Amino acid sequence: MSGPVPSRVRVYTDVNTHRPREYWDYESHVVEWGNQDDYQLVRKLGRGKYSEVFEAINITNNEKVVVKILKPVKKKKIKREIKILENLRGGPNIITLADIVKDPASRTPALAFEHVNNTDFKQLYQTLTDYDIRFYMYEILKALDYCHSMGIMHRDVKPHNVMIDHEHRKLRLIDWGLAEFYHPGQEYNVRVASRYFKGPELLVDYQMYDYSLDMWSLGCMLASMIFRKEPFFHGHDNYDQLVRIAKVLGTEDLYDYIDKYNIELDPRFNDILGRHSRKRWERFVHSENQHLVSPEALDFLDKLLRYDHQSRLTAREAMEHPYFYTVVKDQARMGSSSMPGGSTPVSSANMMSGISSVPTPSPLGPLAGSPVIAAANPLGMPVPAAAGAQQ
């Protein structure tokens, strides 16, 4: 049997081909390190697979920042994240990388970002109105269209990576640690994204994927928001994840997809996939979520959650969907800038605009006077965890 049929993305296909090599060749990137003594940790916000995250203060200007201390991983991966953040800096709703510092003793790198006064999504999503959901989805699309136009796929779109300051209606797409440059014809690692947001292409081991992976993940977010079902596809493992998807989208279209790309399904699916009809989106509507659902919401969702990655809406096409007409009209009335996606860019100069500066820090117990990373023991300092932080 010959291998899988190749696939090329429909938009922004050759962005990196037309850029100088130094734009995408992150392995050759030379990192410019800042001064770790400029930062003082305040409290731990959470931890992820690859990092620990702290709220901190830049003591040179008393601004709040978020510091992400990277766990030991391949230097190549760290360089990739830094290069991507630098390439995207100033883009609409992209988290701004402010500084890169390193502890001289442990050599642990840390990234300093603009501070966003985030509300935990599990609390926030329960309070959002129909208009709020449209508004924030549109803001995510600005970030996605921008990064895709810059030849970059995020590969980890999920609620945890979307920071929302609801009071100021400010959104930032964060955690670019799994992001990668798109090169047509390149085969990528399918072990990316979080289970509930993994596209079918990842679950069937199709490696020639592209920006459209992010659009599937966005569709999963939209479904969870409008149907108030988090997560929408709740698989117990990666195999069960595809089964959960097939129970909604049906098995017929799944087999059409794997036939089209000549994909060989893992034999483990033989016993668990079964046969399922395609379900109508209306069946997920009930009294508790009907105020968030509209014909245009379901039409938009249907055009994102497609097995065939080539038939999903692109980010730019999505922004032109009727679901966003009211948002677009309101933003036009308010006179958004002409930036791609219609959002004011965040330059390093105005990075902290709109974020009130914090007063001179009072003594923080064991942290008073500590640099961001204690030389001998970068992760061992007793920083109080934030309430509700992911541990």
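Glycine is no exception: its Cβ is also placed from the backbone N, Cα and C atoms.
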Figure out which of LYS68, LYS74 sits with LEU45, GLY46, ARG47, GLY48, LYS49, TYR50, SER51, GLU52, VAL53 in the ATP site per Swiss-Prot. LYS68
The annotated region 'Interaction with beta subunit' range in Swiss-Prot, which must be one of 24-29, 36-41, 288-293, 354-359: 36-41
From the Cα of ASP156 (active site, proton acceptor) across to the Cα of ARG47 (ATP binding site), what is the distance in angstrom? 16
Write out how many residues of the region 'Interaction with beta subunit' (36-41) are helix, how many strand and how many coil, based on DSSP. 3 helix, 3 strand, 0 coil
Cβ-centroid neighbours of ATP site LEU45, GLY46, ARG47, GLY48, LYS49, TYR50, SER51, GLU52, VAL53, LYS68, 8 Å, sequence order: ILE69
Alpha-carbon spacing, SER51 (ATP binding site) to ASP156 (active site, proton acceptor), which is rounded to whole Å: 15
